[in-house]
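*Asks:* Attaching a single structure in structure tokens format; questions to follow.
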Amino acid sequence: MASYLETQLDFIYFFYGLAFILLGAMSFVIARVRPNLRDARLIGLFGCSHGVTEWMDMTTLIFGDSNEFAIFRSAMMTLSFIPLAEFARRGAVKLGVWMPGAWIYLPVLGVLGVVGHVDGLDAARALARYALCAPGALGTGLVMLARRHKVREAGWSIAVGLAIAFSLYGLAAGVVVEPAPFWPATIVNQAWFVGATGVPIQLVRGLIALVLAALIWGAWGRRLIHAFDCPRYTAYLQRQFYSVLAAMAAILIFGWVLTNILGGIFRTEVEREAASTASLLVNSIADAVGTADAVVRVLAASPVIAPLLVSPERANRDLARAVIDLHVETAGASRGFILDRNGHIVETTDRHDFDVLGAASHKTTVWFQSSIGGRTGRNLQIDPFSGRQSYVSSLPLHDPAGSIIGVVALEVLLEKLDARLRGFEQAFFLLDARDVVVLTSRPAQLSRTLWPRPDMVPAAPEQPSSTPHSEPLRHAVTGGEWTRFGGRRSYVLRSVVEGTPWSVVLTLPVAGITASRLLGIIITLQLALTALFYFFGRERGVRDRVQQLLRSELQERAAALARQATTDPLTGLHNRLRFNEGLAQELARVRRTGQPLSLVMFDVDHFKEVNDRYGHPTGDQVLIRLSQTAAAQLRQTDLLARWGGEEFAILLVDADLHAAVEVAENLRRLVARTPFDQIGSVTASFGVAECRPDESADSLLERADAALYRAKSNGRNRVEIDAPVIEETVALSPAESGDEPQQRSDHKKPTRA
């Protein structure tokens, strides 16, 4: 549980800080309206500043930390405790207890600065909690308990609750501190608390902060109820209190779930990437040593090798050396050698070995012990003098009777593999059978272990460090694990190199996953801010709160009804009511100015077949797309409305019949060329009419509708005007290559009767 909660620290710090900011905001409100509670501003200053400090700690989990920022965070945390301690000091003075003046904080801060400089920031933070937080929180609890009878408006139970909550916070934040080199921080610290309970102390502090914020808010609500003796308002305020508490709880739970979902998406990607990279590393290593394994098997079976050990005086050394040289070259090895049962080299391709021939012994090496015992020897090793990494593959040699008489071995330098693998961005470590790093992209870790191994002492690193070494992992890893590597939250994956006792450890920092989780935290904050702004707004208009709510509801309903009355809910266009209002206004303007006005009505051809074949949801999407297409082609002065069903109307201001026909024709072509999901394309038929002098709205609509009817009757996908045919043929809907097939129609110029 502790490891899981550790991955949730960013969200814990978030609601921890949010709770304190709410506590501070409410305290400021109380201090503003109650002159006798001016000291509540100190609680407000403590809450807001400390909440910001906790959010700073959250950012270090997401974006990393620096020495300068750590100093700033420590200073902010220390300063945030001073208002809390000052509230307790002033409260004790009012109760008649002697207390030093406010000057006491200066020497305390001086001591903290010296401790921070000498022993480090953790020691200074721990001492700040001992010197300021613990006495401040515990003292505040005692002051509130002592003055519980003087705050009847807030309620005795709430005062006692606040006293208990502040006292608990004093223990959680002022006693359980950062590990520091002095008692009791060496024993009672955050690490001890996690080990004892499995819960980070930050979670406990955050929950206490939530309780404090709720209690302060409850005290403010009780004060309002006492000030306004109104049963209706009291009932409303009580419902509101519990509703907002439930809403805040729901917001935090939703935010936590959302944050984990977003982090889980990136988490899966990280694990997939790590598995792919680890597989590539394992395969690269297996390929590098696999050739040596195959060649040493062939070399061990060569008939010219065993005689070097069975009957050295009759062996053909030149031929044996040539065979060894050939196999060394084939394997890409640095050398090959033959050893007797005592581990002494009897033949080798490395001339340097002859200088110490008979003196050096490999009897104690891991690979020799394996092969002399009848098994394949495979070992990764680091030369203690040159620091070069190499791989030794060995097999036993047998005499004609089958007895083991020696060992044949090939040594392959891993310089090329090391150079190639260092190109990986992720940190990787190749561990031998003892879990010692023999190949890595982090040279500082070479020849070391990644986790504590009390049973062994690893070899000294190639480049000794002046700083003491500590293992980056607290325990051995098997498989994949989300943990801390070198103090940083990382994903660590351990993969075994098949057929060997070796393993590859890959680490990926989780900055990306914390950034993904940050999105969930931001969304949660946005939702919580609604409650926060509402909380601050409660102090305004308390006397007429009920009336204001009723007025707001009526205004919201009126606005919604106004929108519903003039807007088509499906397409977002003006509806028929709004169109009629606009048509009446334009007809009045035409009568005053004599400027032209035209009406275009159109609908979708065979729309019933679309609904019957593809379903009404698809038909709705056609209407939405069609309305968007038409709206994009019109001027701002034109009025487009959904007339009903699949029928639409366009009121063209300052447009005569010829211009209206041109607009309709352009729309007809555009609709025919517009692709629609699932159904491909549709067509539309258009009816056009120009307004006559002193014509009524019903007459203009009737003529446009009649023209639309003729367009439907004459084959659809065409434009028709309302006038009867008398003379002079006019082509209104010419067939174009881009349109669907259509009938051609000739019309006479219209004449008014």
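Just so you know, glycine gets a Cβ as well, placed from its N, Cα and C.
Feature annotation from TrEMBL assigns transmembrane segment to 12-30, 69-88, 95-115, 127-146, 158-177, 197-220, 241-266, 518-537. Residues or ranges marked as region 'Disordered' by TrEMBL: 453-474, 730-753. Look at TrEMBL and you will find 595-724 tagged as domain 'GGDEF'.
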*Asks:* Taking every residue in the domain 'GGDEF' (595-724), what is their average pLDDT?
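*Replies:* Here the mean pLDDT over the domain 'GGDEF' (595-724) amounts to 91.
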*Asks:* Which stretch from 12-30, 69-88, 127-146 shares the most C-beta pairs under 8 Å with the transmembrane segment (158-177)?
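*Replies:* Of the candidates 12-30, 69-88, 127-146, 127-146 scores highest.
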*Asks:* Kindly report the helix/strand/coil residue split of the domain 'GGDEF' (595-724) according to DSSP, in that order.
*Replies:* 59 helix, 33 strand, 38 coil
*Asks:* May I ask for the residues of the chain that lie six or more residues beyond the transmembrane segment (197-220) and have a Cβ under 8 Å from a Cβ within it?
*Replies:* 1-2, 5-6, 9, 12-13, 15-16, 19-20, 22-23, 26-27, 29-30, 43, 47, 151, 154-155, 158-159, 161-162, 165-166, 168-169, 172-173, 176, 190, 241, 245, 535, 538
